[in-house]
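In what follows, a structure is listed as structure tokens, so that the remarks can point back to it.
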């Protein structure tokens, strides 16, 4: 298997934790909420899923527990940031620290243990295409994530729900005036974001690298938040960004496999460096951010 | 439309003026609430809560030795938090103090690693200076990205922290590894003159505690008395007003980040030239992140931060005690830190708001 095959086959899997978490954060941000706790929410979901799968509960139950657990933790964020109108940056950081702490606490006795991943499913016909075919042999969660991407894109483009979420983020006062409950929409958006972060963490812990290690999320939650900016709050671009990061995180492994003489620490920090560089390039276009950004992002709503 | 039975829930109503009582009571109430919640968690984990409280919150005060360790831990937290709070008040969210701390430690270590034979009283002050420069330099990357490229400083500074951790690993596993260190990822032990002098004999508390207190006093003068500090605060509270008044936003961001980076770098240098005496992988046990909590818990006020830094140091030392005597995993300290900040953010809502119960609301309207 050469490096290109390796990256093609693994890219979507590597992209999935980024994608799921970023889609969740997209919905929260579209509703005007900046939740910086994604890293901790992912870590919390990851440990719940790992514990359940390790004890024979199965992957389905693991993902359900991760989604529910992280959604509940994100509701704590909702209570503090919306109910008590606290600073969203500080609240998100607190949830992040709490989630990572709980993850380390619960995962302590599982350190370095492994579970079985999920089998790959080949997409009929497409998987037989030469060269590109390996792109279409993926596990079920990858296929579901792609479906979720399409569904979210459709929701924002065509449905009233999508419009309401966007209205609440763009102009909460107007949305409130025409009878929508800004707080309720934001609570649902936060819980959705939490659940997606939980799924993302679960995928990282029981499918992508089915081995428990403290700190295994390794900044992926933060990159997911950056992805929402890269994608300028658009579902399709966020998907492309997630694929880019999937490929970048594999490039390190591919380079090591080919025996390239580069310090492994440089390869490990590649995703972070790429984040910094892309963030600089995209943000420098101030018009683009202003045009696509969410007007009330991070601001508490008061009637 | 609402999912909640809004008619039965109290609402937050803005106060005419901020409540001083709530300002002063918020941190102790948050501490009490977080303590109770975490005790519940320890019971669930099957630990003896009394033993944990004793080890965590009392033992640090019970002997001079352990209290001196609290002072030792408090110094870096205090220094970093003072720097961060200045930025936070200007609404510049530098959350990458961890990376700036690491760069400070690396810059300071350059002298004893490259010149292990050097002697002279000038070595440790130069190391501290280099450390502060290193931290400032690392923070200036974030400032450049934010001011010139309009990039979000939260994400850039955090990413740079992750890069800094890898850079530290690279140095310790590669060029800076102690050749006689049995392959451990650590540098050579520093020579005597590369160590900050001990302040209180019989303890590990060193002169950097004085520097930290001096920095705190300077932060107080800067934020409460100087026009520059006033401009920064206006920029944070009312960015538009600051713009009309001609206060330059880019300049405020540069200044905030440089002060934060400088302080964190100095703390990193003082850590390797102080209690550690060498560059190691575990130079920071999350000081950069804990300092964010310290800054908020101290109300972003230089005086409040002195108390919150001491409290956080007690949690660190107490957490170590509880790990040994009550078999509590060290991760419990992070859980405590996170819940403490959440409890504080709730408590502090009552500084500017008061609760109004539905019935009272009806009465006040009629």
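Each residue, glycine too, has its Cβ placed from N, Cα and C.
Source: prediction; values computed, not measured.
TrEMBL has this to say about the protein:
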- A:6-26: transmembrane segment (TRANSMEM)
- A:33-54: transmembrane segment (TRANSMEM)
- A:60-82: transmembrane segment (TRANSMEM)
- A:89-109: transmembrane segment (TRANSMEM)
- A:129-156: transmembrane segment (TRANSMEM)
- A:177-205: transmembrane segment (TRANSMEM)
- A:211-231: transmembrane segment (TRANSMEM)
- A:238-260: transmembrane segment (TRANSMEM)
- A:266-284: transmembrane segment (TRANSMEM)
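Stretch with the most C-beta contacts under 8 angstroms to the transmembrane segment (A:89-109), considering only A:33-54, A:129-156, A:177-205, A:238-260: A:33-54.
When each of A:129-156, A:177-205, A:238-260, A:266-284 is checked for Cβ pairs under 8 Å to the transmembrane segment (A:211-231), A:266-284 comes out on top. If you look at the transmembrane segment (A:266-284), the same-chain residues 6 or more away from its ends with a CB under 8 A from one of its CBs are 219, 222-223, 226, 229-230, 232, 241, 244-245, 248-249, 251-253, 255-256. Counting residues 6+ beyond its ends, the transmembrane segment (A:33-54) has Cβ neighbours under 8 Å at 17, 21, 24-25, 61-63, 65-67, 69-70, 73-74, 77, 81-82, 88-89, 91-104, 106-107, 110, 113, 115-116, 169, 186, 189-190, 193-194, 197-202, 204-206, 210, 212, 215-217, 219-222, 224-225, 297-298 in the same chain. Only residues 6 or more beyond the boundaries of the transmembrane segment (A:177-205), in the same chain, are considered here, and those with a CB under 8 A from a CB of the stretch are 16-21, 23-25, 27-28, 30-33, 35, 38, 41-50, 62-63, 66-75, 77-78, 82, 141, 164-165, 167-168, 212, 216-217, 220-221, 224, 301.
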